[in-house]
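Straight from Swiss-Prot, the features:
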type	residues	note
BINDING	Asp463, Asp469, Glu472, Glu473	Mg(2+) binding site
DOMAIN	39-154	domain 'tRNA-binding'
DOMAIN	410-485	domain 'B5'
DOMAIN	712-805	domain 'FDX-ACB'
Amino acid sequence: MRISTTWLRDYLKLDIPADELAEKIERTAVEVDGVIRPSEGLKKVVVGHVLTCEPHPDSDHLHVCQVDVGESEPLQIVCGAPNVAAGEKVIVALPNSWIGGHTKIKKSKMRGVPSNGMLCALDELGFDEKLVPKEVADGIFILPDDATPGDPVFSYLGMDDEIIDMSVTPNRGDMLSMNGTAHELAAIYDQQPTMPKVDLYEDATTVAADDLHVAVAADEHDVPMYKMRLIKNVTIKPSPLWLQIRIWNAGMRPINNVVDATNYILMQYGQPLHAFDFDQLNDGQINVRLAKAGEHLTTLDGEDRELLTSDLLICSGDQPICLAGTMGGLATEVTDQTTTIALEGAVFDAVKIRKTAHNHDLHSEASMRYERGIDHGMTATALDAAAAMIAELGDGQVASGMVIGRDEDVQPTTVTIDLARINHVLGTELSLDTVSDIFKRLDFPTVVANETFTVTVPSRRWDIHIPADLIEEIARLYGYDNLPATLPTGQPTIGKLNETQQVIRDSRKLMESAGLTQAISYSLTTETKSKAFALHASDVTKLDFPMSSERTTLRLSLVSGLLDDLAYNNARKEHNVALYEEGRVFYSQPEQVRPKEIEHIAGAITGSMVPKSWGVAEQPVDFFQIKGIVAGYLKSLALQDAVSYVATAEHPEMHPGRTADIYVGDQLVGFVGEVHPTTAKAYKIRETYVFELDLTALIALPKARQQYQPISKFPSITRDVAMLIDDDVTNATVVALINKKGGAHLRHVQLFDVYNGSHVPAGKKSLAYTLTYQDQNATLVDDDVTTAFEKVLTALTDELGAEIR
């Protein structure tokens, strides 16, 4: 929001430098990006009067002009502008002057004719091309007839103004207007602002409602207020220079007297308005409704836009003519032939307008204000002010009466707060009089009783609803620098990690000790990637306004992000990569308002865990390596129930023959295995193994009691056993049976060989184990070990059908 200090002085008596004003605004209200001085860097640019204008003897487009610049003799200047003519007052850059772009003007010759200066267009003075009126876009700017030759040109163009460029935060939409900013500065400097008065004269011979008919079909929440005025016999012409100056200093291009009037009122009141060419309406009909599927509208920028069913439309009959609160349609644009204006003033829902502006990538001055909120109590006043201004500038008449499609009973907000609460929050000892004075400066009517303030908040401050908002206003006006510094009171406490935080921290250490590097992936991904590798069935959570098509949906799994990271590394010739990530996934059910956040931990390895080196053979990653990492990690959690791995083909993104679900007791807590070759190809990665665990579930599971046990001082005894067993019997089943039958002194069971080649019958495999026995208190007797070992052999034969070899 650009605030002209010249315009601001219409409201307040401020003999204060712009830099000081900007600093005060920034310290008290909103951020300031800087102070703009349009004439900065320009020198010796004056008003000129073209006395004569003759064709150049050696050019078909140049002119040789004699120009009075207030000196004893006129200057001869060669100019190529098509609109230069004798008698015009123009902008002259004298010899040795500086103009826009740090350009120095010198005496020169143009095709043999001396030229002692330059006749300037606005963009040559540094004006943004987007702000230059179209009628002078290809020529020089013509100054008013009363401009005095030789005077510096800056005051005639508003370039002597100082403009404060504010970055208005979403909660302070009231400062997107001159009125709102004036109220803010009046409170800061303890002044009473002079607000503009509206002098509207209606033509009693015409009634607006006789010609203009408005129907609002949209929901009252979407369109709480919709009003119109009718202005007849309007002449469309360029705006007077004072208005053009105010418009371009506000950062907008002057168009014509009607459009400029609506933009002027927009800047003054913060109320978006829209002017329709009444003669282009269908029998004077205005209908406000939601768009239908498949409808199109060509907007003022010439773009044909396919409308969405969430878009609010202004229609004439059933024909869309305007995207409500965003941009008008080309069909009802005000042109030089327009004579009757249908003027709209309305309140539209902020969310609706924000969605429309985002969906169509169409952000305008109007949509920005609707998104941040507008003063509902000022809509009718702004509409009247614009109608009066259009009638004055266009020599028209305002038809009597306002046509109301829908009205809103705007009631001020009342907030109650007591002095003790204010001082408690701010750490101050403010008096009743001090706080009352601040509310008076804010122009908030206040009733005080028993040290309690009942504050009536004007409709222009729609951001204030609760006591905390009033405390913020008091702090701002009192001055943040004046608030006392208060040391914390109370007994200090020592912080401690909770169980989840401690497990997460330990998990990271364990993964890194296993050779994995931490990765942090985006929580947002595509809908397809979000659903991939999900441990449990869930709805997805999608953003209403994603920043890109690649970041639309909250993830259900960490693995997809890790595979993206692997692909990134593989594309850069890094093929031996081992990553892990600890983070949240987001599960959602239809009845939930927001998704449930669950801590997961996942890993992915590809290439070789041990690269080829001198004396060391390369060891490509395989299922057993990643399963070993998972097993070691789960062991560190000291879970009470047994961990089991069950082969599965339920994960379509995983290899069906090399994937296992992980259970603790009967609860599914994760999976481990090889990524399906098709999935790996889609990600452009090599053979890859992954795991993912539900960390929240693991933390909640019961833990085994951990007790210290000293290392035995007595020797151990080992026994080896080899067996033929059915191919579908798992190692876990065999180990569980051996542990069950092995006796009190069995300490460890280790699988050391698997064979199913030649000499092994079909459907069978050979497994070999080492069993370690040890007593904590005495040296084991060989007979005791033999007895226990034979019980194991018997159990293997009887219960698993094993053939001992």
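FYI, residue positions are counted from 1 along the chain as it appears here.
Keep in mind that glycine also has a Cβ here, set from the backbone N, Cα and C atoms.
Within its own chain, Glu472 (Mg(2+) binding site) has no residue 6 or more apart in sequence whose C-beta sits under 8 angstroms from its own. Secondary structure from DSSP puts Glu473 (Mg(2+) binding site) in a helix.
For Asp469 (Mg(2+) binding site), other Cβ atoms within 10 Å of its Cβ number 17. Counting neighbouring Cβ atoms within 10 Å of each of the binding-site residues (Asp463, Glu473), the lowest count belongs to Asp463. Compute the center of the Cβ atoms of Asp463, Asp469, Glu472, Glu473, which mark the site for Mg(2+); besides them, the chain residues with Cβ within 8 Å of that center are Arg461, Ile464, Ala468, Leu470, Ile471, Arg476.
According to DSSP, the domain 'FDX-ACB' (712-805) comprises 30 helix, 32 strand, 32 coil. Under DSSP, residues within the domain 'B5' (410-485) fall into helix, strand and coil as 33 helix, 16 strand, 27 coil.
Taking H, G and I as helix, E and B as strand and the rest as coil, DSSP gives the domain 'tRNA-binding' (39-154) the counts 13 helix, 49 strand, 54 coil.
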